Amino acid sequence: MQTRNTFSWIREEITRSISVSLIIYIITWASISSAYPIFAQQNYENPREATGRIVCANCHLASKPVDIEVPQAVLPDTVFEAVVKIPYDMQLKQVLANGKKGALNVGAVLILPEGFELAPPDRISPEMKEKIGNLSFQNYRPNKKNILVIGPVPGQKYSEITFPILAPDPATNKDVHFLKYPLYVGGNRGRGQIYPDGSKSNNTVYNATAGGIISKILRKEKGGYEITIVDASNERQVIDIIPRGLELLVSEGESIKLDQPLTSNPNVGGFGQGDAEIVLQDPLRVQGLLFFLASVILAQIFLVLKKKQFEKVQLSEMNF
């Protein structure tokens, strides 16, 4: 009886431990996976401001390149690739929220013309699915199917992100026309420097909030520092809190000025935005162009044959 109770207790403890671990994993993964897009989605109705600036730049302060490749023209009701490239040095490591170093993640927002949207799974070819990998795209808003977001995802695997896009058909959507359309993209690598509420992350420089002498630097138990600055003129003390993961540039007894950097800049990432143009091509116009080109080629052939025939007639008359 004693043995049975012991085994039962062990089984319950193991089950409880596994359950807790799974819950922690799910919560952590959910918070990480939704972190980047949800900041913009919660605070901005549209990710592109009237000035053309994409709102992700409000949190990711460093400027880095981003590129997008799309076909020059597409036919209605066809699926095409929009490839967003977010280049960076794969050897770089960033400061994570816990103060440790880790690999960079990437994220992107793609703003398509009205009517263009994410292609349904049954319209995506096997070749395109292989390029997409395990990426899961989402609409910026339920009613904004033309704005897509993705991230954060591992940068080492997805520095090139392939969006499968379905072109609209003017025959079924009267708001769409056969025209040249602009599209816009924003892409980031690494964590941001500022949260939407205006507070700093631990992925940026921390400056002195007062000038004076550093009287004390206290290293906190869970990481980070408390720097006490004494103003020599009035003996007023100011304590600056430095989060974990940052490298100090100052020491006790040092004289510093207002806004002087207390830490080095840990940020190795950044945000960039770009644009491209795509033509929604009328199939009848393409057919007309092909017919015209065929007519020109046939006319050239007939002209050459006629010239050959004329030369033969002239040659025969001369021989006669």
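Here the Cβ of each residue, glycine as well, is placed from N, Cα and C on the backbone.
Sequence annotations record features per position, and here Swiss-Prot assigns signal peptide to 1-35 based on sequence analysis.
Less than 8 angstroms from the CB of Cys59 (heme binding site) sit Phe39, Gly192, Gln193, Ile194, Tyr195, Pro196, each of them six or more residues away in the same chain. Per Swiss-Prot, heme binding site is recorded for Tyr36, Cys56, Cys59, His60.
Annotation source Swiss-Prot lists transmembrane segment at 286-306. Counting same-chain residues at least six beyond the ends of the transmembrane segment (286-306), those with a Cβ under 8 angstroms from any Cβ of the stretch are 75.
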Message: Counting across all protein chains present, how many other Cβ atoms fall within 10 Å of the Cβ of His60 (heme binding site)?
response: 26
- line: By a three-class reduction of DSSP, His60 (heme binding site) is assigned coil
- line: Within 10 angstroms of the C-beta of Cys56 (heme binding site), the count of other C-beta atoms across all shown chains comes to 24
